[in-house]
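First up is the structure itself, then whatever we jot down about it.
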Amino acid sequence: MSSLTWEIAMYVFLAVLAHILVFVFVTRKRAKSIVNKHVVITGGSKGIGLCLAVECALRGANVTVIARDEKMLSGAIALMEVIRQRPEQKFQYRSLDISSSYDQVEKCLTDIEKDFGDIYMLINCAGLAICGVFEEVAVEDARKLMDVNYWGTYNCSRYVLPKMKKAKEGIIVITASQAALFGIYGYGPYAASKYALRAMAETIAMESKHLGVSVTLALPADTNTPGFENEQKTKPQETKIISGGGGLADPDAVAKQILNDALKGNFISILGFESWLITLLGGALFRWSGIFQNIIHAIILGPLRVIGYILHLHFERVVRNCAKEKME
């Protein structure tokens, strides 16, 4: 090929690249405003939920936090008062076990809306983790995981969804986990509850997008929170080795990413390369944002399948090695 032909090919390539970049820039999503909007956050008294409450307060929202511990809830309100953005901005809390019954959740959220107006954004962040080899996790603990992680999220989402559909607007955030993408040693009942949240989010998103309701599925990796500290107490050694390679995410960074993704209407919210890689491997049918991102994923997904196979080989090796140590 002559030098002139190479030069023409280079110009064509640069022109195509420029058009793609312009297209991405023009069509990129802008975050919605939540100034003066009513945002409800479950699990908002600590960890990622508290960081989300603070971030929403900084963005001018009227915030309601829900959890069970009144002392920690009052502390969350005091923290938001310190960073108040507008004199008329409102904060409140409710002590509630969201897994108790739908009727109790309905009554609580109805009272909340009487005080602060209709819920524009629901952030489901309440949850817990109990680890252990499948048959060693107590039946009561397995039920508790499903009650809090799944039914708590179901009850709150079930209440706001028809109201949001009728209003033709609203945002629902469902916080699952990287454990919602594939099962890992020691995460059995916990992962099952998070898989259920993934299915819930995908279903609601498909049923509601055309009616103006946006759904975001948050898939945080291990995050430096009080919940993670409790999780470590029940986590088998194999699980610690397998999940420990990714380090610990900062809850503030996770909260900001979740809120940004939700306000931009992104279905998936992840933070960091490792989470992106695992989410891509475990969620090929997810609704990824933008044609450009989907094309990139289509190109690289095949080769990445080999990496997924290697990851599983590594996990299986960890389990075998730990089994040998227990036998010695």
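Cβ coordinates come from backbone N, Cα and C, glycine included.
Remember, predicted model here, so these are calculated numbers, not experimental data.
According to TrEMBL, the protein has these features:
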{"type": "TRANSMEM", "residues": "6-27", "note": "transmembrane segment"}
{"type": "TRANSMEM", "residues": "170-188", "note": "transmembrane segment"}
{"type": "REGION", "residues": "226-245", "note": "region 'Disordered'"}
{"type": "TRANSMEM", "residues": "267-288", "note": "transmembrane segment"}
{"type": "TRANSMEM", "residues": "295-315", "note": "transmembrane segment"}
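Across the region 'Disordered' (226-245), the DSSP tally of helix, strand and coil residues reads 17 helix, 0 strand, 3 coil.
Through the fold, the transmembrane segment (170-188) approaches residues 32, 43, 48, 119-125, 127, 129, 131-134, 137, 153, 157, 160-161, 163-164, 194-195, 197-198, 200-201, 204, 212-221, 235-236, 238-239, 242-243, 258, 262-263, 269, 275, 278-279, 281-283, 315, 318-319 of its own chain, all at least 6 residues removed from its boundaries and within a Cβ separation under 8 Å. Distant neighbours of the region 'Disordered' (226-245): 46-47, 127-133, 184-187, 315, 318-319, 322; these residues of the same chain sit at least 6 beyond its ends, with a Cβ under 8 Å from one of its Cβ atoms.
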